[in-house]
């Protein structure tokens with residue numbers, strides 16, 4: 001397995017680190033191990049850029065344009081009189097706008113990294129780190145040569161317009177870039193639609209609206225057509241905003257760009273309202289979603305409290321991860337039961353959900369149930385003999401657990417004529433994802449956009465940007481696409497939910513211990529693979545918000 005060199009030498013003398021020797025990821029005897037020709041995309045996908053240091057320090061670095069374009073000229077930004085930043089004197093002087101002067105004292109040290117794990121023991125190794133995001137003194141693009149493109153893919157999410165706005169305004173105000181276009185309608189817009197010119201004036205007020213002014217879609221990913229479009233239109237910076245499926249697609253685009261030797265930075269901005277992207281602290285739009293979800297819970301509580309044996313059922317987003325349901329439950333304090341995909345439950349029998357509902361109604365006279373859309377799917381499929389199907393992004397189509405659960409509750413109490421209930425079902429899914437972002441998410445989207453464009457201008461590529469332990473970092477695509485972020489039901493946050501709702505956990509002590517053991521084993525396995533070079537970014541990369549052609 002080939003190891004890529006370290007990032008370009010910074011202006012300051014760097015601390016010496018060593019490149020880790022990575023083992024061949026192919027088992028002996030396989031076609032690849034025996035020298036069989038691998039696909040070009042697969043060839044690039046096999047590379048990880050790891051840098052080792054003292055005391056178990058490992059930097060999972062992101063690719064740089066000079067990794068495959070070693071003769072690429074570099075530009076150094078240095079402060080001049082009146083605080084205006086210009087290019088260095090050995091290249092044509094290109095004056096920046098005055099706002100750039102505020103950046104000169106905030107250049108990120110080229111050796112700054114962000115640790116993935118901050119809770120450690122005194123004997124623990126330093127562990128995995130990522131390159132810190134922020135403005136660099138060395139850049140690899142002049143403002144007049146930049147042709148940037150922005151695309152939004154997948155489902156809607158609060159904050160999409162804010163990210164688009166801040167990318168446009170940040171490129172223009174901080175780097176003097178004036179050639180910026182938007183791609184309409186997601187990935188397929190690269191080859192099937194015209195581009196939209198974007199200027200600070202045209203995007204000035206879009207953050208006050210929900211949705212995305214660029215439009216979006218699922219599927220439509222055709223790597224060759226997309227990269228052909230980038231090449232034909234001279235686009236050398238592309239910002240791809242979307243969830244884990246979209247980021248997988250962005251990774252494949254980067255690999256093809258690299259294979260062709262194009263000077264083009266491919267940058268991802270992670271978007272998923274479910275907050276299910278791995279490694280990062282949270283995705284934008286999540287805070288807004290929790291805030292809006294709480295309004296639906298409040299309405300359900302009013303309805304339930306106002307009726308005899310009233311039950312309010314609220315279905316929230318959470319295909320594979322129950323973060324919205326969990327945080328909205330904690331924020332509300334009016335929820336009696338929270339059901340998420342990570343925590344199995346059962347209806348009938350001793351200790352089951354129906355028994356708990358009956359007991360809670362006898363105690364309080366009303367109750368509120370919050371259920372994530374991905375919860376209980378196995379139970380529904382068994383009762384309906386349902387065959388799995390997928391949407392255009394390759395996601396499993398879910399059955400409506402809210403309607404199913406509501407009907408099961410009604411059927412149960414129909415058998416008890418002396419125990420009448422009033423049940424109200426609320427599904428605010430599309431209301432939540434279509435609203436504009438709140439103040440917290442607006443600030444967060446601004447930081448994401450600025451970190452993304454700083455990385456692109458500095459020549460980094462093949463990365464997504466997000467906070468890790470509160471510090472924005474550049475993360476290789478493979479790290480956020482190899483698995484999904486999920487609620488850990490053996491963690492204290494889920495214990496707080498159980499304490500708030502007083503609901504049963506529906507799990508035996510053996511189940512909990514097994515899950516805890518699996519979590520510890522997975523973390524240990526990842527660290528071992530890093531040190532031994534045994535995992536591949538290409539693994540589990542089949543779904544890229546649409547089909548990706550092999551090879």
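Any Cβ shown, glycine's included, is placed from N, Cα and C.
Note: TrEMBL annotation is automatic and uncurated.
Residues annotated as domain 'Phosphofructokinase' in TrEMBL: 148-454.
Its Cβ taken as reference, residue 218 (ATP binding site) is surrounded by 21 other Cβ atoms within 10 Å in the chains shown. Positions annotated as ATP binding site by TrEMBL: 155, 218, 219, 243, 244, 245, 246.
A sphere of 10 angstroms centred on the C-beta of residue 244 (ATP binding site) encloses 29 other C-beta atoms. Among the features that TrEMBL reports, Mg(2+) binding site is placed at 244.
As annotated by TrEMBL, site 'Important for substrate specificity' applies to 245.
In this view, residue 318 (substrate binding site) is surrounded by 28 other Cβ atoms within 10 Å of its Cβ, with every protein chain counted. Residues annotated as substrate binding site in TrEMBL: 272, 273, 274, 317, 318, 319, 373, 430, 431, 432, 433.
Residues or ranges marked as active site, proton acceptor in TrEMBL: 274.
Annotation source TrEMBL lists region 'Disordered' at 528-551.
If you look up TrEMBL, you'll see 537-551 marked as compositional bias 'Polar residues'.
Here the CA atom of residue 433 (substrate binding site) lies 18 Å from the CA atom of residue 245 (ATP binding site). Compared over the binding-site residues 274, 373, the count of CB atoms lying within 10 A of a residue's CB peaks at 274. Looking only at the binding-site residues 155, 218, 219, 243, 244, the one with its C-alpha closest to residue 431 (substrate binding site) is 155.
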